[in-house]
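The following features are taken from TrEMBL:
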type     : residues  : note
DOMAIN   : B:74-286  : domain 'ABC transmembrane type-1'
TRANSMEM : B:16-37   : transmembrane segment
TRANSMEM : B:78-99   : transmembrane segment
TRANSMEM : B:111-132 : transmembrane segment
TRANSMEM : B:138-155 : transmembrane segment
TRANSMEM : B:162-184 : transmembrane segment
TRANSMEM : B:206-233 : transmembrane segment
TRANSMEM : B:245-262 : transmembrane segment
TRANSMEM : B:268-287 : transmembrane segment
Amino acid sequence: MKSSKNKRTNRNTLLVYLILVLGSLLMLFPFLWTITTSLKSITESMRIPPTLLPEAMRFANYTEAMIRVDFGTLYYNTAVMVGARTLAAIMFSTMAAYAFARIDFPLKNFFFAMVLIQMMVPGQIFLIPQFLLMARLDWLDTVKALVAPGIVSAFGTFLMRQFFLSLPKDLEEAARIDGCNQWQTYWHVMMPLARSGMVALGIFTALFAWKDLMWPLIVNTSADKMTLSTGLANLKGTFTTNYPVLMAGSLIAMWPMILLFILFQRQFIEGIASTGSKN
Amino acid sequence: MKLQKMKKRRWGDLGWAYLMIAPTILGLLVLNIYPVISTIYLSFTKTGDFGASSFTGIGNYTKMFKDPEVLQATWNTFRYTIGVVPVGVLLALFFAVLLNANIKGKTLFRTIYFLPVVSTPVAVAMVWRWLYNTEFGLLNYLLSLFGAGPVGWLTTSRYAMFSLIVVGIWSTLGYNMVLLLAGLQEIPKTFYEAADIDGASPIRKFFFITLPLVSPTLFFVLVLTFISSLQMFDFIYMMVDRGNVAMGSVQTLVFLFYKYAFQIYDRGYASAIVVFLLAIILAITALQMHLQKKWVHYD
C-alpha cells in the first residue's frame, strides 16, 4: 500500500520535471536559434532543411552589424537613460514617499491623488504633450530627452510609501526625540532600512526603461542619439532579410541586461516579486 | 515654552514635507498632469496644416466612431487581450504551482522562464519574425514535415493576430509566474498539512486552498496583464511591416495612436484615440474591481 503510493508520487514528480523541462525548452529555443542563426552565412540560414548548428562559425556577421551600427554609442545612450532614470526614481521617490508615509501636512491627499492618477492612466496619454515640451526646450535628438519623462516615478513613490508604512516607527521616534529633523530622520534612519525596497524599485525602473521603445523612437531620430532598442529597429530597415546579421545585432543589444540578470538573479526575481505582493 | 517649541517643530515638519515632495510633485505636474489635460483638450481640436489647431468640439470623436480603421483597431486590441490574458495568466499559474512544489533546480527553472522578461522586446521580436518567416522560417519547415503549410504566420490576416498573441504570452509568462510564485509562497504550509491528514487529493487542495489564498495575487496579475495587453505596440511595430496586408487585422489602438500622432501628425485625432483607450482601460479596471468581490479572498 505504502510503496504503491510512493511509486505514484515518484511518477508525479517525474511528470512535473518533464513538463518543466519541456517548458524551459520552449522558453530557451528562440534564444538558441538567435545564437545559431547569428553564426550562419545568409545562404545557410535560408537552407531547407535548416541546419541546427552552423557549418562554420561566421563571426563576420557580428563585425558587419557593428560596422553598420555604432553600438558603443548606443550602449552609452541606453546606459545614461537607464541609469539616470533609475537614480532619479530612487532619490525622488523615497523622499516623497517618506513625507507621504510619515508626515501630516495640508493637501496631502490631494498630492497623493496626483500620484495615483499617473499610475492609473495609460502612458501613451502623456506622449504628445511630452514630445511638444521636448521640442519647445529644443531637446529633441538629445540624450536628455531620453531621460526626461522618467525623472519622477509615481509607481516608485507609491511602492516606497507602502514600504515605509510597513516599517516599525520606534527607531524614528527615538531619532526624533534625539532632535533629528525630518530630513535627518529620513536620511540617517529610514534610508538604511529601505535598502531592499530601493533595490526592488531600482530593478523595476531599470528594466522598464531598458524595454522602452516608443519614447526613444519618437524623440530621437539621429543614429547617434538612439538607444539599443531603436538602433536595432533601425538595423532591421537596412538588413531586411539578412537574418544572420540581424540576429548578431540582437545579441549585441541584448547581452548586457541578460548578464546583469544572471549575476543578480535573486535580486531581480525578489525585487519584481515584491512589487506585486506589496500592493 | 514647551508648546512654542512643539509649534516650531510642527512648522519645520511642514517645510520638510513640502520640500521632500516638491521634486516628485513638480515633475508630475509638468510631465503627467498637464499632459493629461492637454491631451484631452487636443482631442477636441482639429489639427490643420503646419500643426496649427482649431477647436472642433466632439468632431474627432464622431469621426472616430464611424472610422472603420478605429473600430477594427478597437476589435484588434480586444482580440489580442482576450488571447493573451486568460491563456497567459493560467499558464503562469500552472508553472508557478509546479515550481512551488518541492523540486530540485527551482532557481534554474525560474531563471529560464524569466529570461524573455529581461530581453529587449525588439530583439525578441526579431527572432520570432525569423521563426515565423513564410519561406525560410523554422515553423513552416516543421509543418512541412507533416505535409502541411506553408502558413503566412505574419503576412495573412488569418494568422497574424494569433502569431502575435503567442509571442505576447511567451514574453510575459515569466513575469506573471514570478509574481504568482511569490503569492504561493505566502500560503502557510500548515494548511496543506491539515489537508494531507484529511486525505485531500492534490486537485482538491488546489481548488480549496491554493486558489482562494493566491487569489489576491492572481487578481493583481490579471489587472496588470489586462492593462499591458490593451497597450500592445512593440511587437506590431517590429513584426508587421508597413505595407503588410495583415496590418489592418492586427494594428491596435496604441499603434493607430502612434501612427496618427507621430507619422501623420494629426495630433487632434491621435489624442481622441488615446482618450478612448483611457476610457476603455478605466472601464475594464473598474469592472474588475467590482467583480473581485465575488472571487478574491482577503483575510
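Just so it is clear, glycine is given a Cβ too, placed from its N, Cα and C backbone atoms.
Against the transmembrane segment (B:111-132), stretch B:162-184 has more CB pairs under 8 A than any other of B:16-37, B:162-184, B:206-233, B:245-262.
Here the transmembrane segment (B:162-184) has long-range neighbours at 80, 83-84, 87-89, 91-93, 95-97, 99-100, 110, 113-117, 119, 121, 124-125, 128, 132, 153-154, 210, 214, 216-218, 220-221, 224-225, 228-229, 232, 235-236, 239-240, 250, meaning same-chain residues at least 6 beyond its ends whose C-beta is under 8 angstroms from one of its own. Cβ atoms under 8 Å from those of the transmembrane segment (B:206-233) belong to residues 77, 80-81, 84-85, 88-89, 92-93, 97, 164, 168, 172, 176, 179-180, 182-184, 186-187, 191-192, 195, 200, 252-255, 258, 277, 280-281, 284-285, 288, 292, 295-298 of the same chain, restricted to positions at least 6 beyond its ends. Outside the transmembrane segment (B:268-287) by six or more residues, the chain places 39-40, 42-47, 53, 56, 60-61, 63-64, 70, 73-74, 77, 223, 226-227, 230-231, 253-254, 256-261 with a CB less than 8 A from a CB of the stretch.
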